[in-house]
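Visitor: Before I ask anything, let me first share the structure, which is written out below as C-alpha cells.
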Amino acid sequence: MSFNRNLLNIIIILCVCLNWDCSEGAQEKQRRAIDSHTIQLSSLFPSSSSPCVLSTRASSTKSSLHVTHRHGTCSRITSAKAKSPDHAEILRLDQARVNSIHSKLSKKLTDRVRQSKSTDLPAKDGSTYGSGNFVVTLGIGTPKHDLSLIFDTGSDLTWIQCEPCVRTCYSQKEPIFNPSSSSSYHNVSCSSAECSSLSSATGNSGTCSASNCVYGIQYGDQSFSVGFLAKEKFTLTASNVFDGVNFGCGENNQGLFTGVAGLLGLGRDKLSFPSQTAATYNKIFSYCLPSSASYTGHLTFGSAGVSRSVKFTPISTITDGTSFYGLDIVGISVGGQKLAIPPTVFSTPGALIDSGTVISRLPPKAYAALRGAFKAKMSQYKNTSAVSILDTCYDLTGLKTVTIPTVSFYFNGGAVVQLGSKGVLYAFKMSQVCLAFAGNSDDNNAAIFGNVQQQTLEVVYDGAAGRVGFAPNGWGCTDAVQNRESGEIYFHRIQVSSIIPSPSSSCVLSPRASNTKSSLHVVHRLGPCSSLSIEKARTSPDHDDILRLDQARVKSIHSKLSKKQTAQYRVRQSQSTDLRARDGFTIGSPNYIVTVGIGTPKHDFVSGLRHKQRSDVDSMPAMCHYRNCLASNCVYGGARHGDKTLTSGLLAKEKFTINSDVFDSVNFGCGENNQGSFLAFYGAAGLLGLGRGEFSFPSQTAMTYNNIFSYCLPSSPEYTGHLTFGSGGLSNAVQYTSISTVVHESVSIYGLDIVGISVAGKKLEIPVTVFSTAGAIIDSGTVITRLPPKAYAALRTAFKKKMSNYKTTLGSRLLDTCYDFTGQETVDIPKVSFSFKGGTVVELHSKGILFAYDVSQVCLAFAKNSNVGNVAIFGNVQQKTLQVVYDGAGGRVGFAPNGSKCSSLFHNVSCPSSPSSSYHNSPVREEDAASASAGSNTKEPLHVVDKHVVRSPLMRSRVTRLDLDNILRHDRARLDYIHSRLSNNFAERPRKTESKDIPVKDMSKSKSELGWGSYIETIGNGNT
C-alpha cells in the first residue's frame, strides 16, 4: 500500500461516551491558562427576592440542622424592617475578628483583660466573634423553645440571652428564654468541675454568686455576655435530645448579636457542644455553608452522610491550648500551577480554619504570590480601586461571563482542596469584584481559612481522630435542595437559561485532559472545541435527527443482544476483498470525538485526510471475523449499519500516540471501502474501539493501562471532557458495581445490574425481575436512557407528580413527558438516583434528567423499551457530570460525581495513498480471526469534544448540523439494533455473498448501533 501519514492525527468517534470534568478548567484557545472557572456574572449577585431553598441533607438527616445566612431569605430572624450590614461593615467586623484571633494566638500578648469579681464585668478580651453570619435553630428547655444561634468553630461556650436582663440585652427577634418556665433548667455550682473549666473555655475563671457559677466572656469587637453557667435540655431534632448540657444563661449581653438568641460553641474545649455530646457523635460534625442568602446549608453532628470523597488533614499543634482547629498549609496553586512559596512561610506562623472569619488571610509572602499569579491570569479584565482589606479588584461592567483561574490549597497529608468560583471572588457590585483573599500585616500572624473559601465544600471536623476534612460539592452544599413552599425534598433548582445554553465561539478545556499524560480531550464534534471547526458551520442539530439516530442505535444494541433475529437479516460472507461486513455493529448516536496521533511521522489527520473523512468510520467491535485473504494480508469486513454505513479494508498494525504514550503495532482497520449515511458523524476519520474484546484499544494497551479507562463527557458543546487511560487521577469517590453477566458475554458491551430507581428521595416500587429479566448495559453512544416498560411507567408517574405545578406540553414520539418553562427563571425538578448491585447509588445531575428542545419544550430524558425482553440502556445524557470508570481487569464499572469520559467499540481509518514507516498489514492468523469478533476496550486520557461545536476537528462550512429531533431519531435506531443484537436467536456469523461490492441499498434490512456519533477524540499514530 502507498499512503502517507505524516503527523497522522485520527479523529475518532467514541461509542461509549460519558462525561467527567469535576473542576471546570478553562483555557481560551491555545493562549489561556488551564484550570479556570467560567461563570455567569449574574450568579455573583443573586436576587434578594428569591424564595428559600432548603438543604436536603438537613431535611433528611436526623442529626442535621439547617444553616441559614443571618440576614437571608431563609432566616427565621430576618425582619422586613431590618437593614443588613453593608460590605464595608462586614469587612470591618471581619478584621476585628481576625485581630482577636491573632491576639489570642500570640505569645507576646500583654494587654490581657483582668478578671473581676463582679457578675457583670466584661470577660477576657480577645475571644473570637465579629462576623458571625451563619445561624442554626435548635430547641432549648422543657417545653422546648426554638432559638436561633450563631454557630462558631472558634468558640467553646454555648450561651443564650436569658430573662431577667439585669442590665442590658440586645434586640432579639425570638422571645428571650426565661429559665423559670423550663422544668429542666438548673444552675451549676461554683465549686463544680464545669465552673473550673470556664477558664479554658472563655479565658476567664468562673466566679460565684450565691454558690452559683457565673461566667463572663468578651469578644474582639467588644461584644460580651455575662450570666450564670447552667444545665438544660437541648433538642436538635425529635430523636436527638440531650439532657444536662452546660451553657451560659446570659443576663447582661451587649454588642452586635442583634436578632439572634446567642451562640453555639463548636470549638475543642470540654465545654464545647461537640465535646459534651461526644458519647453520641464521637466529636464529629460537618457543615456546608449556604451558597447564597436564599439557600440553606447544613450542620450535621456525627458521621452520618459524610461524603466518601472527604480528604483529611491532621489538626496541627499550632492551636493547642485554644479552641481553634489548626491546619498545616503546604502550598497553593493558581490556574493549575503551584506557587513558589517557601514552606516556612506557612509553618512559622501556622494556620487555622474558622467558620466565623469571612475572608481568608495569608502570610504576606504567600498572599503576594497568590495575588501576582491571579493578576497575571486576569490581565484581560479592567482593574478598579481596592475596597477595605481587598486590594485586587476588577470592573466587569458589561460582561456576561468571566473566566477566572482556579485556586487550590494543599494541606499536610496530601489533601488538595480546589475552591469553587464563589471561594475566589468577593463581589461588591458589577464594577467592583475582588479577589477574596487578604494578606496579614505580620509574618508571624497565623493564616486563616475563612468561610468564603469554604462555600460549596463539605467541611468535616473529626475531633476524636484529630483531623479536618474537605469534600467538593458535598451533599446539601450545592444543587440538592428542598423547596420550602412545597415541602418536597430531593430537588434540583436550576436556572432555566442553563437548560438552553447560548451558542458560544469560545472553548473551555478540561484541566484533566490538559494535565494528564494519558488523557485526551473529548469534544462535541461540531462545537467550539472541535479542532476542525469553521465559523460558518454552526447550525444547531435537529432534535428529531438526534432522537432518530439514538433510536437506531438502541435498536441495534437490542438486536445485537437478541437471539430472536431470523436468518434473513444476516449479513452474507464473501471471498471478495470488499465483502459485506457483519451486520449489527453499534455506532448510532455518539457525538463526541478525541484526537489520536497515527503513523510515522505522526500526522495531523484532520488536514491530511480531509477529503476522505466522511467515509472512513467503523464501529464494529471485531476485525476480520472470518479468514479472508488478499495477497496473504488479512481483510476485515466492516460493520454494515442500519443507517447505510459500512467499512471494509485491511487489518493492519500501526504506531498510535496518546500524548506522550506511544504504542507500536496496534491492530486497527485500514478502511479502503467506506460509504453510507455519514451525515451523523461527518468529518471523523474513524472510530476508536473501547469494548471488551482482544482487538479493542484497552485490551491492546493492557500492559500499560491494565485494561482501565475512564471518561467525562463535556457538559455543554463549548467545553471539553476527557478520556483517560489507566488508573491515574481516578476520583476517590468512585463507587463500583460488577460487570453483569446477564447480557451476552460474547458481545463487546458492559453489562450492569440495576436494582432500583428513586425519585425525590423515594425508591420506586419496581419488582426486581423487571430489570433482571432482560438485564442492562451502559452505553456512551446512546443518548437517552431506555428502561423496561414497567420501570419507565413508575419513573414517569413519580416525576409527573412532583412536577404538577408546571405547564405540560406536547411530547415527541420518543419523549412523552414534556413541559413549557416559558417565562420561568428557575425550576425545581425532583432528583433521580439509580441503585446498582453491590450498593452503588448514582445520583443524576439535573443535566441528566432533562432533554431540552427549547424553553417551551423541555422533556424528561428517559424513554421506555417497546418490549419487556429488551435490555435497559444507561445512556450518555444520564452520564453527564459523572466520572465513569471501566475496569476491565477488575470486571467492574464505577461512577463518581462531577466527572466523566467517552469511548467506543472499535477503531478504523481510511487508508491514505502512501504508508508511514511504521505501518504494515497483518497476515491472516487463526488467533486474529478467532478473537477479532470479541470486541474492544481502551483507556488513556484524551480531550473529548462535541463534534458539532466550532473547535471540533470535523466542522466544515458545508456541514449542516442536525437538529435534536434527528439526533433522537438516530438514537432510536441505535437502540433498536442493540436490542436486536441481544435478542435470543441472533446469528453470530455472516453469510457468504456473491457480490464484490457492498451496495448501500441492502443495508435497510438491519438496524445499526451507529446512530448519532458526536463525541470525538484526537489520537496520534506513528512517530512524532
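Cβ coordinates come from backbone N, Cα and C, glycine included.
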Visitor: What range among 102-130, 914-942 does TrEMBL record as region 'Disordered'?
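Guide: Comparing 102-130, 914-942 with TrEMBL, region 'Disordered' matches 914-942.
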Visitor: If you measure D354 (active site) to D152 (active site) at Cα, how many Å is it?
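Guide: Cα of D354 (active site) to Cα of D152 (active site) measures 8 Å after rounding.
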Visitor: So, three-state DSSP: helix, strand or coil for D354 (active site)?
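Guide: DSSP call for D354 (active site): coil, neither helix nor strand.
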Visitor: Can you tell me how many other Cβ atoms are located within 10 Å of the Cβ belonging to D354 (active site)?
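Guide: The Cβ of D354 (active site) has 24 Cβ neighbours within 10 Å.
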